[in-house]
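Visitor: Questions regarding the structure given below will be posed in turn.
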Amino acid sequence: MNIIKRHRALFLRIGIILIILSIILLYLFCQNFKEVIDIIGISLVISYILRPIKRLIQKKNKIKNSTASLIVILTTILLCLSAIVLLVPIVFKEINNLGPTIEKLISFLEDTVEKSKILDSAFIKSLYDQVRSKMDTVMFSMSEVLVNYILIFSENVLSLALIPVVTYYLLTDSDRISKKCYYIVPLKKRVVVKKIIMDIDMLLGKYILSQILLSLIVGVVTFVILIVLDVKFSLALSILNGVVNIIPYFGPIVGGVPIIFIALLDSPTKGLWAAVAILILQQIEGNILSPKITGDSTNIHPLVILFLLLLGEKFGGFLGMVIAIPIGVIIKVIYEDINYYLF
């Protein structure tokens with residue numbers, strides 16, 4: 001009994017490690033448990049994003065923590081439902097009509113390639129065949145992907161309905177939960193760990209909110225540009241450009257190229273104007289908006305960012321690229337704070 005009291009902290013840490021390992025194993029090999037963890041994980045991310053808004057509402061209106069959380073959750077649900085009712089049908093319609101446009105784009109590329117005789121090079125021919133194959137795959141699988149997403153959504157309605165509930169409790173009790181978590185840290189290291197967590201929270205929160213704001217701005221401005229130029233699939237392309245803008249360097253290219261190609265199919269002049277407008281938008285976003293909104297929230301070398309993005313793509317595809325930079329921010333803060341506080 002005395003040994004247990006003497007080494008209570010050690011036994012506690014060993015117990016926590018065993019619990020974490022058990023959770024990882026259950027997540028990997030038990031589908032039902034995986035679904036529960038997914039709900040908690042998604043709720044954690046949403047609550048973390050909404051927490052600054054909740055705190056702002058609470059501070060401005062002098063209301064209870066639970067009331068502020070409820071207002072934020074209900075507002076978010078209302079916005080999501082409005083988006084589903086108003087935007088999703090239009091986007092689905094645009095995506096379903098994308099097939100003929102892709103066929104037209106393939107014909108345009110084939111004519112251009114044949115006239116330029118660029119396929120005389122074996123490397124260029126191989127590259128062209130790969131691009132053609134990818135475009136055929138996209139064209140024939142578009143409807144199948146949409147059907148699969150609808151089926152997944154309908155099969156997980158109950159799980160999706162639980163996310164707002166879990167998010168509410170995480171928002172309401174986030175401070176209490178974080179205080180409880182500090183008890184597993186040795187008393188001597190608790191102050192240092194708390195400072196590291198606070199630094200991560202500050203930088204990561206700033207980065208996430210700034211990226212969401214930038215993506216919204218880029219998406220809205222893109223939509224205005226495409227409406228003015230009368231480019232087809234304006235809503236779907238605007239959402240795509242806004243979403244992929246979260247990814248540094250690669251995002252603007254992935255979002256901009258489809259816009260230029262689809263505008264080019266209408267006329268070379270429209271394609272040129274679309275290219276110029278998107279290029280100007282990207283320059284304004286990269287050189288004016290991003291520095292002002294994001295500031296030095298990451299302060300990571302461009303080569304490190306590229307490495308993180310490539311690593312994220314290999315392990316997790318698009319989602320991996322999205323979370324690569326936040327993970328990099330966390331590692332950077334931990335490294336710098338450990339050097340500052342402990343050495």
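Using N, Cα and C of the backbone, Cβ positions are placed for all residues, glycine too.
Residues annotated as transmembrane segment in TrEMBL: 10-29, 35-50, 70-92, 149-171, 212-240, 246-265, 272-290, 302-335.
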Visitor: Quick one: do the transmembrane segment (302-335) and the transmembrane segment (246-265) reach 3+ CB pairs under 8 Å, ignoring pairs fewer than 6 apart in sequence?
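Guide: Yes, the stretches contact each other.
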Visitor: Taking residues 6+ outside the transmembrane segment (70-92), which of them lie with a CB under 8 Å of any CB in it?
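Guide: The answer is 46, 50, 53-54, 57, 63, 146, 164, 167-168, 171, 235-236, 239.
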